[in-house]
């Protein structure tokens, strides 16, 4: 179970690094400083993994001896020498594991350096963090037994080394995930229409789209700046003359028939008839002309001609 867990996380870390390299080469066509620092961390992790697989039996044996010292006298000379030399190998493993973890930190610092290199006020804090990270790294690789503060029979060497190794693998995994945002943005831009992709291909395509936009804008402004307004469909001259003649016929006095003469002698019953009886013919002509104009049967020219005759 111990070796299986180590192998699974080591494989996931290496796959994440390979995915990071593929994404960077596909999107940016080159590698950056943070990528190379992550490669160094992967190299330290690979060395720590091989060393942990080699020393795994010795770690368990040393833990058993710490739990029960009488077991030491039951060991073979080779096993006894291995237990006695275990301290140096443990220190080497801790140096490799801490180096893998801190080079991931350096990779993150190099990644953020690209974002704040033009901001002077933040650079002071940035270099302070870099200096503190280096100091902590030097301190931890020199203090090999910092993870195991209890010695003798109360120490748990195996689990201390296990969690130290797991920290290094998870750190490399998290450091590799920073480029997946670039992959999502790259896929989103590639899924756009071919016209948008051509516009983002280079400055020549951008200039062509800009020239096309300015040309359309100029045509639109030319249409707005014309002095002549669009003509509204109207009535022809012949229709105007015909309507004018109809208006004259309408306004000419009609002959009074016998029925009309009889109506004229009778007393008007309707209020409108009583009102119109005392109105002059000129007003009646205006009124009829206005009604004809409202109905749309008389043009403006015909109205002016009839009004001048009145």
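Cβ coordinates are placed from backbone N, Cα and C, and glycine is handled just like the others.
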Open item on the list: If you look at how TrEMBL annotates this chain, which of 246-273, 274-301 comes out as region 'Disordered'?
Closed with: 246-273
Open item on the list: Among the residue ranges 92-112, 197-217, I'd like the one that TrEMBL describes as transmembrane segment.
Closed with: 92-112
- [ ] Match it up for me: which of 62-86, 162-186 does TrEMBL list as transmembrane segment?
- [x] 162-186
- [ ] Take the transmembrane segment (35-53) and find every residue of the same chain, 6 or more past its ends, with a Cβ under 8 Å from one of its Cβ atoms.
- [x] 3, 6, 10, 13-14, 17, 20-21, 24, 89, 92-93, 96-97, 99-101, 103-104, 106-107, 110, 161, 165, 168-169, 171-172, 175-176
TODO: State the residues, same chain only, that lie 6 or more residues beyond the ends of the transmembrane segment (124-142) and have a CB under 8 A from a CB inside it; answer 'none' if no residue qualifies.
DONE: 94-95, 98-99, 102, 105-106, 109, 112-113, 116
